[in-house]
Amino acid sequence: MKIGFIGVGAMAQAIIQGLLRAYFVPSKNILVHSARQIHYETYANQYGLTAQSSNLELTKNSDLIVLAVIPGIATDVLEEIRSELNAHKTLISIASGITLNRLEELTDYQLPILRSLPNINSEYGQGMTAIAANENLTGDRKDQAISVFKATGEVSELPEKQFAAFSAISGSAVAYVDFFIDCLSRTGVKYGFSKDVATQIAAQTTLGSAKSLMDSKATPAEMIDKVCSPGGDTIAGILAMEQAGFLNAVVKGIDATIAKSTGNHDD
């Protein structure tokens, strides 16, 4: 199996690095091309990938074609490669905001297509990806396409109408979680820790809490209750955060993210 990436920006590189870490395919079976020759050739040489001279050549030589360009140029790219797309190939789009219907309009209504929303944690095998397939992508072909993202983390099949919300609580939320870790870290500095030590403590605590939550199958509220003893310091901290509007701040952040991504904003 050969996987071609049209575009090698941050998200494409995260997926590629995740695939390499997982030994998903030999590195030479990952094909790359982008607008800047020096960029994609340097990247290919660095990791043993196969550089292609054009998007058309890449499409011809790939079994799975990953559309990893910004939405503004996706239409032009799909028009460019359309002649090499057929029912024996699978198109995987990670381009934000482009629906399956639109992808079919721009290519071929017989083409198997997977729309996906991965996040940057895919680089370390800890990604979270939403997927939706068109009617032409079924059976083993669908499993093959989804396996790209299972190799780099977890996968959730969702209706497309939930993609904007998913992008906020998974894609953008990577930054929000890092922001929370940084807030913990800065508080540690306030109380005398070095920034490096405080960040290590905060990051490991966040990682451990997430893993404990997933492994235990408990709800977040149940895990909170395990830590909060009656009249203790932890419940005092939780109440102080609630009084300061912590939950409301998180919800407003997600609302703003969704509004911006869907165009329902004031600016």
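Along the chain as shown, the residues are counted starting at 1.
Heads up, the Cβ atoms here are built off N, Cα and C, so glycines get one too.
Since the structure is predicted, the reported quantities are computational estimates derived from the model, not experimental observations.
Sequence annotations record features per position, and here TrEMBL assigns domain 'Pyrroline-5-carboxylate reductase catalytic N-terminal' to 2-97. With DSSP states grouped into helix (H, G, I), strand (E, B) and coil, the domain 'Pyrroline-5-carboxylate reductase catalytic N-terminal' (2-97) comes out at 47 helix, 18 strand, 31 coil.
Look at TrEMBL and you will find I6, G7, V8, G9, A10, M11, S34, A68, V69, I70, P71 tagged as NADP(+) binding site. Taking the Cβ of P71 (NADP(+) binding site) as centre and 10 Å as the limit, one finds 12 other Cβ atoms among all the protein chains shown.
The local packing around N55 (NADPH binding site), expressed as other Cβ atoms within 10 Å of its Cβ over all shown chains, amounts to 23. Here TrEMBL flags N55 as NADPH binding site.
In this model, the domain 'Pyrroline-5-carboxylate reductase dimerisation' (160-261) carries an average pLDDT of 96. Here TrEMBL flags 160-261 as domain 'Pyrroline-5-carboxylate reductase dimerisation'.
Distance noted between the C-alpha atoms of A10 (NADP(+) binding site) and N55 (NADPH binding site) is 18 Å.
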